[in-house]
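Right, one structure below, let's go through it.
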Amino acid sequence: MRTSRAAAAAASLPLLLLVALLVAAEGRRHKDGGGDEEAKACDKGWECSGSRFCCNDTITDYFKAYQFEELFAHRNDRSLAHAAGFWDYHAFITAAALFEPRGFGTTGGKEVGMKEVAAFLGHVGAKTSCGYSVATGGPLAWGLCYNHELSPSQSYCDNSNELYPCVEGVKNYNYGIIGQGIKQDLLNHPELLEQNATLAFEAAIWRWMTPMKRKQPSAHDVFVGNWKPTKNDTLSKRYPGFGATMNILYGDLICGQGSIDKMNVIVSHYQHYLDLMGVGSDKAGDNLDCADQVAFNPSSKNLDS
């Protein structure tokens, strides 16, 4: 693996799947049981049972193989796709099932679950796309074209980190953090993410479900409504919604720079996938972008601080 490729896979979701520019998620706000007026039906993931506030649905109940094929229709087109034959529905579902008990795709009922899957895959599709304006099907139809990051913009290497030191040729200590989260030695063997699609999806979903720092929300939390902004958040123009997921995963590489193409293409993938899944882009939610948001974690600061 090239150093430049290895260097990109961590702060967001893995592989070019966002580990690069993409352990517990933030605790739930309500305890099980009736009487909590703020509780929403099915807002507990699988953390409880026997109540209308608990869910037993799985992603396969509403997201089928044919829909995955529609979202990533050209991923196996060998005329352009660089990872033809690598990604498939089974790999995604197998990885997703590990996180359903924590609420991935199972929080808030069917519609919220579908929107979360579309949001997550919107990031994945945008970061692994080889689409361009005149490509067959348009620029949004070529997600999962790659399984490594192209042209990484920074290394994310922290020479002061003793627990996850930089490795020669793999200058990315977040490989250690994510590897610990999914119980794989990614720090020494980051190539595993390019060899196993299920593991790549697992790493990406782990990043989605896990806060970048203590006392911060995960991308999952800000999307499904588990997070309430503080006064500092509102002053920084950070609000729940898809825009905040970009802030968490990419920080000031994408956010706080106005209406830039790198941000808009991610939003467009999310909206496009909502349409293909039958939810409709009109239900994408408020606060779609992060154009004016201050980054949770400015790139000049250590993510472990």
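Each residue, glycine too, has its Cβ placed from N, Cα and C.
Within the set C166, C255, the cysteine that TrEMBL bonds to C290 via a disulfide is C255.
The Cβ of C255 (disulfide bond) lies under 8 Å from the Cβ of G243, M246, N247, M263, C290, A291, Q293, V294, A295, each of which sits 6+ residues away along the same chain.
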